[in-house]
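Data block below; observations after.
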């Protein structure tokens with residue numbers, strides 16, 4: 001009993017230390033975003049004043065122009081002017097001519113008074129509408145922390161969940177959980193050998209990816225090309241390799257720690273897929289196709305759908321943190337694996353954070369692929 005309590009105490013201490021390191025790294029990562037953004041600014045942009053100072057100076061200048069234009073457009077008249085030529089007149093006398101520069105000044109000041117998109121103060125007589133939360137300038141403020149995310153996505157916000165539901169119910173669930181049964185019926189076989197199983201699974205996964213891209217293109221905005229959009233998401237970004245190593249190490253530490261806690265509290269159990277163990281033990285071509293399926297095809301398909309599409313589309317209408325959590329929950333639910341729900345959720349969060357920080361799906365794909373490689377290796381060694 002004393003030994004068990006000693007192990008639990010050391011395990012709890014390790015958990016506390018690792019949690020502190022995790023939150024410290026997360027805080028440092030978030031606080032370092034603005035520093036990296038300032039480094040990417042040009043020399044000319046560095047010499048510009050800060051945003052609030054520019055807004056204050058613009059507000060003062062616009063207020064001065066407004067008051068001056070109002071004074072020039074309607075000069076005060078304290079008393080009626082009598083005509084000296086005809087000796088009277090009073091009310092019938094013509095009004096005095098306005099100053100010659102008033103009309104010219106109003107013509108010059110009118111464009112300045114209508115700069116509603118960049119000024120903090122707007123003239124009351126301007127016909128331009130004030131900026132609304134739907135404007136691009138206002139939406140851009142939501143993505144200043146992670147400039148790689150953008151409010152301009154190929155999909156409308158109201159079409160995101162309909163598209164994802166169609167993918168999940170029409171493509172993912174039927175092909176993933178009923179595809180092998182269809183293959184067995186076509187081959188008139190009650191069971192499939194390991195090579196046929198892994199090759200059929202790879203073909204079904206490729207078909208799901210192809211049909212998924214076709215669905216995303218069908219539901220995209222008119223004129224938007226989904227292939228070009230995802231090609232840009234896989235482009236290389238600065239320091240993405242360092243970010244990938246950091247988040248991969250954090251992911252493996254969390255997975256190892258949770259597995260250790262589960263073994264201590266629940267007891268060791270065989271959590272490996274028996275079909276996967278049979279395929280890997282078959283050797284030769286089956287093992288090679290299995291590694292290609294788990295390390296290339298599956299991560300590519302899932303990162304395009306859950307990070308490239310779902311997380312990106314959700315971040316255009318909600319905060320990026322909420323988008324990461326929601327997409328990770330959907331990633332876990334889609335696997336329909338209750339025992340591995342927490343680990344899959346952690347994988348989704350880590351890959352989502354890596355994608356948000358680097359702006360490229362290459363980082364999340366690499367983390368996902370290496371994580372699957374570790375799973376395959378431990379399955380082979382078990």
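Cβ atoms here come from the backbone N, Cα and C positions, even for glycine.
What TrEMBL records for 12-33 (among others) is transmembrane segment.
Among the features that TrEMBL reports, region 'Disordered' is placed at 37-59 (among others).
The compositional bias 'Basic residues' annotation in TrEMBL covers 42-57.
Annotation source TrEMBL lists region 'Disordered' at 75-100 (among others).
Taking Cβ pairs closer than 8 Å, the transmembrane segment (164-183) reaches residues 192, 196-197, 200-201, 204-205, 207-208, 211-212, 215, 219, 305, 309-310, 330, 334, 336 in its own chain, all 6 or more past its ends. The transmembrane segment annotation in TrEMBL covers 164-183 (among others).
Residues of the same chain lying 6 or more positions beyond the ends of the transmembrane segment (195-216) and with a Cβ under 8 Å from any Cβ of it are 154-155, 163, 166-167, 171-172, 175-176, 179-180, 183, 187, 226-227, 230, 275, 279, 282, 285-286, 289-290, 292-293, 297-298, 300-301, 304-305, 309. What TrEMBL records for 195-216 (among others) is transmembrane segment.
Among the features that TrEMBL reports, transmembrane segment is placed at 244-262 (among others).
Marked as domain 'CAAX prenyl protease 2/Lysostaphin resistance protein A-like' by TrEMBL: 288-374. When pLDDT is averaged over the domain 'CAAX prenyl protease 2/Lysostaphin resistance protein A-like' (288-374), the result is 93.
The transmembrane segment annotation in TrEMBL covers 291-310 (among others). With a cut-off of 8 Å between Cβ atoms, the residues of this chain six or more beyond the transmembrane segment (291-310) that come close are 155, 160, 163-164, 167, 198, 201-202, 205-206, 208-209, 212-213, 216, 230, 233, 326-327, 330-331, 334, 348, 351-352, 355, 361, 364-365, 368-370, 372-373, 375-376.
Residues annotated as transmembrane segment in TrEMBL: 322-355 (among others).
Residues or ranges marked as transmembrane segment by TrEMBL: 361-381 (among others).
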Helix, strand and coil totals (DSSP H, G, I; E, B; other) for the domain 'CAAX prenyl protease 2/Lysostaphin resistance protein A-like' (288-374): 75 helix, 0 strand, 12 coil
